[in-house]
Every structure is written in structure tokens, then in C-alpha cells.
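Pulled from Swiss-Prot:
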ACT_SITE  H63  active site
ACT_SITE  D105  active site
BINDING   Y43, G45, G47, D64  Ca(2+) binding site
DISULFID  C42-C131  disulfide bond
DISULFID  C44-C60  disulfide bond
DISULFID  C59-C111  disulfide bond
DISULFID  C65-C138  disulfide bond
DISULFID  C66-C104  disulfide bond
DISULFID  C73-C97  disulfide bond
DISULFID  C91-C102  disulfide bond
SIGNAL    1-16  signal peptide
Amino acid sequence: MRTLWIVAVWLMGVEGNLFQFGNMINHMVGKHAVWSYLSYGCYCGWGGQGKPQDATDRCCFVHDCCYGRANGCDPKLSTYSYNFQNGNIVCGNKYGCLRHICECDRVAAICFQKNMNTYNKKYKNYSSSNCQENSDKC
């Protein structure tokens, strides 16, 4: 179900946070976010449970935790300001929800870049039935 929802949002071209996050990932990693990170491990994609399977999956776990701290915000749909400067992502909003959400996405995109060598195809389309261990705390 999580796959269908995110793909549907992606195909509609929503000009919201999920689109922006995907753009950050594409820029930093050079991979298409949906095809590379959707349903990867226990945390990349919609929802998450269990223990992260590798450093790439941990990037998604930390991203989920960051979104969880976005109290009163709508992290999946809010549109924020950002740009790329000298290979870096720079968030434009100075305060509040939009800044927090942008920073969550920026940190995750950089995490994916730093951990590209841990990406393992065996965790792509990973079954949630393999994610039954107790979750780490945020």
C-alpha cells in the first residue's frame, strides 16, 4: 500500500515536499529517488518498523524521526524554499515548519550520498515481514 500511495503522488507531480525531497536525492546521489529508495529496507518509503537494515535504511529511519519532530507541520506536502550551491543543498526558509522540513530532507539526501556504498539491491522492495525486531528509538 505504501508503494502505491507514494508512486501515485509522484506521478501526479505534486509540487510539495515529496517532490522536493526526491529532487534533492536525485541531485545528491544521481539516482531516481522513487525507483532507488521507495520500499528500500524497513524505513524507506511509507511508514517504517523494525531495525534499519543498513546505513542507507538508517538514513530513512533518521528522516522519519525528523519528520516525527515536525509538530504541527505537514512534512509530506508543505512546499519549502531551497537551492543548490556548490554541490550543497541550502534551505531558504529561516524559521519554523518549512525550515525544519527542508533540513530533514537535506540531511537525508546528504546521508544517502555519504552511504551510497551501503546500498544493497537485496533490500529493494524488502518485505515488511522481515522488519519485526523492536525499533530503535528516535
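Cβ atoms here come from the backbone N, Cα and C positions, even for glycine.
Known features from Swiss-Prot, placed on the structure.
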residue: C42; record: disulfide bond; Cβ neighbours (10 Å): 26
residue: Y43; record: Ca(2+) binding site; Cβ neighbours (10 Å): 26
residue: G45; record: Ca(2+) binding site; Cβ neighbours (10 Å): 21
residue: C59; record: disulfide bond; Cβ neighbours (10 Å): 27
residue: D64; record: Ca(2+) binding site; Cβ neighbours (10 Å): 19
residue: C73; record: disulfide bond; Cβ neighbours (10 Å): 17
residue: C104; record: disulfide bond; Cβ neighbours (10 Å): 24
residue: C111; record: disulfide bond; Cβ neighbours (10 Å): 18
residue: C131; record: disulfide bond; Cβ neighbours (10 Å): 19
residue: C138; record: disulfide bond; Cβ neighbours (10 Å): 10
Cα nearest Y43 (Ca(2+) binding site) among disulfide-bonded residues (C59, C60, C66, C102, C104) -> C60
Please give me the recorded positions out of C42, C44, G47 that lie within 10 Å of C59 (disulfide bond), comparing Cα atoms only. C44
Expressed to the nearest Å, what is the distance separating C44 (disulfide bond) and C73 (disulfide bond) at their Cα atoms? 20
How many Å separate the Cα atoms of C102 (disulfide bond) and C131 (disulfide bond)? 28
H63 (active site) to C97 (disulfide bond): how many Å between their Cα atoms? 15
Rounded distance in angstrom between the Cα atoms of C111 (disulfide bond) and C138 (disulfide bond): 16
Can you tell me which of the recorded positions G45, G47, D105 is spatially closest to C138 (disulfide bond)? Compare CA atoms only. G47
What residue among the disulfide-bonded residues C44, C60, C65, C66 has the most other CB atoms lying within 10 A of its CB? C44
For Y43 (Ca(2+) binding site), the three-state class that DSSP assigns: coil
List the Cα distance (Å, whole number) between C42 (disulfide bond) and C91 (disulfide bond). 28
Pairwise Cα distance for C131 (disulfide bond)/D64 (Ca(2+) binding site) [Å, integer]: 15
DSSP output for C59 (disulfide bond) maps to helix
For G47 (Ca(2+) binding site), just count the other CB atoms lying within 10 A of its CB, please. 12
